[in-house]
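Here the structure is laid out as structure tokens; the discussion comes afterwards.
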Amino acid sequence: MAERLEAAPAAGDEYTQDGTVDLHGNPVLRSKRGGWKACGFVVVYEVFERMAFYGISSNLVLYLTTKLHQGVVPSANNVTNWVGTIWMTPIVGAYVADAHLGRYRTFMAASVVYLCGMILLTLAVSLPALRPPKCGDGTADPNCTHEATSAQLGVFFLGLYILAVGTGGTKPNISTIGADQFDDSHPRERRHKLSFFNWWMFSIFFGTLFANTVLVYIQDNVGWSVGYALPTLGLAVSIAIFTAGTPFYRHKPTSGSPFAKMARVIVGAARKWAVAAPEDPRDLHELDDEHYAKKKAARLPHTPNLSVLSKAAVKTGGGGGAQEASRWSLSTVTQVEETKQMLKMLPVLAITFVPSAMMAQINTLFVKQGTTLDRHVGPHFEIPPASLQGFVTISMLVSVVLYDRAFMPLARRATGNPRGISLLQRMGVGLVIHIAIMGIASVTERHRLAVAREHGVRDSKGTTIPLTIFVLLPQFVLMGVADAFLEVAKIEFFYDQAPEGMKSLGTSYAMTSLGVGNFLSSALLSTVSRVTRRHGRAGWVLNNLNASRLDKYYAFFAVLNCANLLVFFVVCRLYVYNAEVARVVDAGSSGGAVAGGGKENRKREVALQPANVGAVESTL
């Protein structure tokens, strides 16, 4: 064991104070591991991994319709159901990481599964026996009677869902591994951590941009075999790069199953439903400071919110009694507070489902709209419809830089908040932009249908409308701006507000939001398609988009976003930040009164940030 310990610290060196260790459980020197030196490998991994993921997902709806010969509604739902699964499996990955294997080992095992799924997909699009014969426009079978067999569909979707299982172990852990490289107890490292999520998103979207431009073009013009082989190779390279950074990573030890911890608190509170809680919170069950010092963990103070759960910490059996010894009858105050922190984020999670459903339109209906428009850029080049997703990436990159380097410093001076504005306020801006996106998409689609009618191609499936594809550009660009506000804030919010031992589970909340949003998109599309076809009506979503009414469908989304925004306002008003609760409790326990008012509330919100934070330094 001794030979694995870090070298003795030189002058100015110090060990991390946040409980991070090396893979063998030994303390680590902050000068040897972690920081941006370690995060560099994480960021580079994300660039290549995003290239692999979006190399499949961006153009998937077109492969399903043009190569596997599925209709618009089934293909769009197959995409959103798969993407929904991609974003839901992180719950399992977070559980395995937090309770059993740790984040690093879970990530490495899941990466192998991920790569196997990519290899199988590449074979499915490359081998003639695994795909149906060509049909459709310009072939001997324009009506597409050659449908994919059950075996061909089975192999293709098996590859997709093996990939989904793999991402379940990588997605919730990769950003958390990156954030773990910064010690919150160290002022300089904590300052760097403030910008980590912005620059992490900025870096991974470079991989997304490559997928949405270069890979999509290769798939449309060179071939699907090459178009899938390249992201598969990219994933293999990214895993190798991440593995190369192993000597530099800091690791958080496993802390037990977060689900079991939460279940014990809920069961304990239910068992003691009729038991009166003590007036003095200090009479609740808690372990001494020495216990937490040994674990390098923080003891959480009692808070008044969700007070019914505090009954799990009420002592009822006398000192040393069997009931107190039962973990399902008695929990510590810290365990109760950890459960409260996870549960109180659920309303915030719920309001992110609708905008996540809006995002699902980017690689489904938005792409299918592009296939009906004039895609020429110059006399010889046609832009692939899925390449418009690259503008989402570009606008997101620009927005993140402007937010981090221009807006944040100005807002910080005005509000005193190191983040400029609170995370919920940043999410709220994104929600407002989503309303504008769907309103613009509805107006644009109405114009597209008008041009189709004007040129007599309304009933002609596959006929190009004499209208440039760039008419769709505003809705793609605004989606990137919305991501810079909503998605970055969402990931940081769920990580920041989760207790220390449940960070992976907290990060998986952000992934779950996208998963439920995609399933919600599938449910809405199927329901609207079915309902609008009743009583002999044509319906809003048909295989022939020129005869569809997507303008009404997008208008419905805009109304849904407005209703969701109203619910968000209520959630924001009721939500209490972790540090805000701690300040109220500290003030109360010391006999001080905490006055209300906007200025004081602003000061409380700042309390969740590091105590001594200056301007955010350059972190690249």
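In case you wondered, yes, glycine gets a Cβ from its N, Cα and C as well.
Note on TrEMBL: of 70-88, 488-506, 507-525, the range annotated with the feature transmembrane segment is 507-525. Here the transmembrane segment (507-525) has long-range neighbours at 73, 76-77, 80-81, 83-91, 93-94, 171-173, 175-176, 345, 349, 352-361, 364, 487, 490-491, 494-495, 498, 541, meaning same-chain residues at least 6 beyond its ends whose C-beta is under 8 angstroms from one of its own. Among residues of the same chain six or more beyond the transmembrane segment (553-576), those with a C-beta under 8 A of the stretch's C-beta atoms are 305, 344, 347-348, 350-351, 354-355, 357-358, 361, 365, 424-425, 427-428, 431-432, 434-435, 438-439, 441-442, 445, 528, 540-541. Ranked by Cβ pairs under 8 Å to the transmembrane segment (224-245), the stretches 107-130, 150-168, 196-218, 423-444 are led by 107-130. Contact check: the transmembrane segment (345-366) against the transmembrane segment (423-444) gives at least three Cβ pairs closer than 8 Å, residues 6 or more apart, which meets the contact criterion. When Cβ-Cβ distances under 8 Å to the transmembrane segment (386-403) are tallied for each of 107-130, 150-168, 196-218, 423-444, the top count falls to 196-218.
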